[in-house]
Amino acid sequence: MRKSIRTNGSKKTTRLHAHVNPLSDRFYELPLAPSQMNWHKHFPGHFPEPGKEDESITKSTKHVVYVDVGCGFGGMEIRDKVVEIVQKSIMADKKTYNNVSVIHTNAMKYLCYFFEKGSLEALFFCFPDPHFKKANVRRRIITEHLLDYYAYVLKEGGIIYNITDVKDLYEWTRQQFENKKMLFEEVLPTEFSKWAEVDLIMNKTNEAKRVTEKGGEKFCCIYRKRTILG
């Protein structure tokens with residue numbers, strides 16, 4: 001399956017693969033460990049070059065804290081063509097936004113290569129591939145197994161934001177979190193309804209706007225990593 005998008009307000013449309021098998025073996029450039037990740041390449045105004053100190057760079061910025069796992073066109077993305085499009089969009093607004101980047105990788109396999117234990121404040125999963133076929137359910141980006149890895153990189157109190165326009169996937173995803181209730185607690189709409197992040201994923205992303213234009217429903221579930229005692 002493919003879908004067309006327009007980039008940077010251009011009339012030109014780009015054909016993209018809507019699906020990539022996340023379980024296949026493909027080559028990705030990886031750091032040997034999170035401590036060896038060259039973030040300067042992605043955020044030169046916030047991180048010094050490896051092995052160099054730069055007093056002009058804000059020293060309070062020590063690590064990345066927000067990650068969009070690229071089903072929402074950004075963050076960590078598995079489709080190379082999408083990465084190219086996002087990179088061009090970022091470069092077009094580089095003077096305005098210097099704290100955004102995109103990485104071509106498979107987060108289902110390699111997330112822990114990039115981020116230290118307990119370092120992230122939030123993970124975003126916006127309109128992920130539902131993988132409808134029963135044989136492909138294991139390819140879904142949120143599963144009981146993968147929640148262990150997401151809990152590892154999230155700090156205590158860190159948030160997972162998930163949104164979909166597929167009700168069956170929404171209910172299935174909530175069950176995955178329920179199976180991991182020792183690690184995650186649900187954030188109720190009475191708490192998150194006024195969060196700026198929720199407004200962004202519900203109304204401001206390209207995919208959210210597409211669902212609105214088609215008159216579709218959006219289902220949002222949000223979970224917080226519990227404080228682990230002992």
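Along the chain as shown, the residues are counted starting at 1.
Positions of Cβ are set from backbone N, Cα and C atoms, glycine also.
Note: TrEMBL annotation is automatic and uncurated.
Worth saying up front: this structure is predicted, and the values here are computed from it rather than measured.
Per TrEMBL, these features apply:
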type: ACT_SITE; residues: D129; note: active site
type: BINDING; residues: G70, E77, I78, N106, A107, C126; note: S-adenosyl-L-methionine binding site
> Between the residue listed as 'active site' and A107 (S-adenosyl-L-methionine binding site), what C-alpha distance do you get in Å?
Replying inline: 14
> Where among the binding-site residues A107, C126 do you find the Cβ with the fewest other Cβ atoms within 10 Å?
Replying inline: C126
> Once the DSSP letters are reduced so that anything not helix or strand counts as coil, what is C126 (S-adenosyl-L-methionine binding site)?
Replying inline: strand
> Helix, strand or coil at A107 (S-adenosyl-L-methionine binding site), per DSSP?
Replying inline: helix
